[in-house]
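Database features (Swiss-Prot):
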BINDING   I23, R24, G65, K68, T69, T70, E131, D132, Y133, R174, Y184, R221  ATP binding site
BINDING   T69  Mg(2+) binding site
BINDING   R294, R313, R318  DNA binding site
REGION    4-184  region 'Large ATPase domain (RuvB-L)'
REGION    185-255  region 'Small ATPAse domain (RuvB-S)'
REGION    258-336  region 'Head domain (RuvB-H)'
Amino acid sequence: MIEADRIISAIAKSDDEAVDRAIRPKLLQDYVGQPQVRSQMEIFIQAAKLRQDALDHLLIFGPPGLGKTTLANIVANEMGVNIRTTSGPVLEKAGDLAAMLTNLEPHDVLFIDEIHRLSPAIEEVLYPAMEDYQLDIMIGEGPAARSIKLDLPPFTLIGATTRAGSLTSPLRDRFGIVQRLEFYSIEDLTSIVMRSAACLNLEISDDASHEVARRSRGTPRIANRLLRRVRDYADVKNNGMITQGIAKAALAMLDIDQAGFDYLDRKLLSSIIERFDGGPVGLDNLAAAIGEERDTIEDVLEPYLIQQGFLQRTPRGRIATSQTYRHFGLAKLADK
């Protein structure tokens, strides 16, 4: 199974974008969850505006689907500036980055998603731009080549990544603000589902919102996607009204259990129990057993399973916890 094809994948899909733009909060006061990040950013933004400075460069990291792009857009809105958006894989040439930097207005935001995938050549251009607001450009070729410096207006670089550890130290050290986004609580996700339903003019009960939230793996992107699929079911089965019963039936149809697991999650956990006697099992063996890339397991599947206490990542390998045995109705084996 391709990770992006899963209904509970936290990776953005093309059909998510239009709806996400419609329901995405624009200001910090509408931003639900991440209380520490929100309170810190309120102070940092207000201070920058009082000093009439650009906000310090900001690195946002955490699992996919938690709102890194949303937060970047909120920062630009709160600062009252424009935002230019790109991603690490798109910036193939130094000239691509130079063109974006030279078109920025004072205090504008340049948002680079997947910043850990920048090439070394692009990073070399970024260093003086971030530190001194200067751009070094090579003119000519061969022996006649020379470097010229261009002054840039003060700007804010916001980098987003799911793999902060993959950033080089020189790049990471140039971010004055670093924020980690955590998985959301069920209470916060319930609020997000209710807010999204209101934006989409949907009728949904409080307990139905809670039902969607608790199966959303702590991730707003998944919650909003599940809400749209539950809406489809409600339109056909209940004249559009989303009750708890309708939500449960829709999610059962989608094969999403009460822990928010789909077939792939259950396959990973059951493989550890059945094929490897509960673990420990190495990542390569586990990837081969379930037919997925090791990066998919490490970056997409594991964070939620570990955070929820279903999986342990140890130096000797992955181990299924007693909670996993109970989830599969194998509580007796938890004491082996």
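These residue numbers are counts, starting from 1, taken along the chain as shown.
Note: Cβ is positioned from N, Cα and C throughout, glycine not excepted.
The two recorded residues Y184 (ATP binding site) and R318 (DNA binding site) have their Cα atoms spaced 24 Å from each other. When the C-alpha distances from Y133 (ATP binding site) to the binding-site residues R294, R313, R318 are tabulated, the minimum falls on R294. Of R294, R313, R318, all annotated as binding-site residues, the residue with the shortest Cα distance to G65 (ATP binding site) is R294. The shortest Cα-Cα distance between R294 (DNA binding site) and any of the binding-site residues I23, T69, E131 is the one to T69. A simple way to gauge crowding: the CB of R318 (DNA binding site) has 25 other CB atoms within 10 angstroms, across all the protein chains here. Across the region 'Small ATPAse domain (RuvB-S)' (185-255), DSSP classifies residues as 51 helix, 4 strand, 16 coil. In space, T69 is the closest of the binding-site residues I23, T69, E131 to R313 (DNA binding site), judged by Cα positions.
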